[in-house]
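Just passing along the structure, written as structure tokens.
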Amino acid sequence: MDVFEILSSLFMLICSIFGTICAFVFIIIIIINHQCHTVNNLLAFNCAVAGFITSITYICQSIYQLIDIGNDILCPLRGFILHTGTGLLYHSLCVIGCYRLFVTVYSTRRFLQTNNCAISMVAIQWFISCTFVVPLFITGKIQYQVNGRICGVLMEEEWSFIYLISIAFVFPLIIIIILYTKIVKYMKQNPFSTKNSTNIPSQYRRQSELRLIRRICMIITTLFILDFPKLVSFIATEILLLPPWPYMIRVDRMFITFGISVTMLVNIIITDDVRKVLTSTIMKYIVPKKRVQDINVIKMPIV
């Protein structure tokens, strides 16, 4: 392994560990605190579980790269989990977008906002996410990529690669863009005013919805930008017929792991209940210790 391969594997390992920690903290907070058991937090919890699974798999893959095991018997299985986990993350964000559409645009249809509806969407999403890679796994399309020292679908397998990126990345992003465009358009057509409106709870809810939409769009934009190398590489090699860059696969994986870690961090920040619990816990254990240290410094006799 050369220097770039070692550094890229270490970068992937660090990002994956950070993403795993953020996702694990989110999951523990949701499980322990009953006040966090709401539909919104359930969908964010679903996203955290997807990120946790993907980050753990990338940790294993990074370690395999560093010790240079190569094409072992578990290579196709790791590739299957990597593709499935990445699809899980995008699909879970798509489910969040659907629920926000139900709450904002179709707010009068209460059955779309129930726990049963949310759980049904999550169940369908997991079924799709866990099965769309199965045909590629069964037909042996997931192989060891020598240049990237990673397991996955080769770009040379054009139709398999197009199928993979379409189901895992392209279609979810298109659906999410359509959903949030419709939500924003609805809010512009139905503006609320603090002077004219007498329904304060509804007004507050609309403000919260708009703030949440901005935050979710930030996640989607981050994921789109960070997965951009995959699209550039495919266009360059398959459409423009340029010679492939040997390290392009590694760069793509570096961007993905960084994007997942950022997404898990943002997931904590934008989920108000989880952020408040985490902040209060940190303040509870850090601030008292700091005060004790300050008091000891003040009481220290001057010699």
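Every residue gets a Cβ built from N, Cα and C, even glycine.
Quick paste of what TrEMBL says about this protein:
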TRANSMEM  6-31  transmembrane segment
DOMAIN    22-271  domain 'G-protein coupled receptors family 1 profile'
TRANSMEM  43-67  transmembrane segment
TRANSMEM  87-106  transmembrane segment
TRANSMEM  118-139  transmembrane segment
TRANSMEM  159-180  transmembrane segment
TRANSMEM  216-242  transmembrane segment
TRANSMEM  254-274  transmembrane segment
Under 8 Å, at least three CB pairs between the transmembrane segment (6-31) and the transmembrane segment (159-180) (pairs 6 or more apart)?
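No, the transmembrane segment (6-31) and the transmembrane segment (159-180) are not in contact.
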For the domain 'G-protein coupled receptors family 1 profile' (22-271), provide the mean pLDDT of the predicted model.
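Across the residues of the domain 'G-protein coupled receptors family 1 profile' (22-271) the model's pLDDT averages 80 on the 0 to 100 scale.
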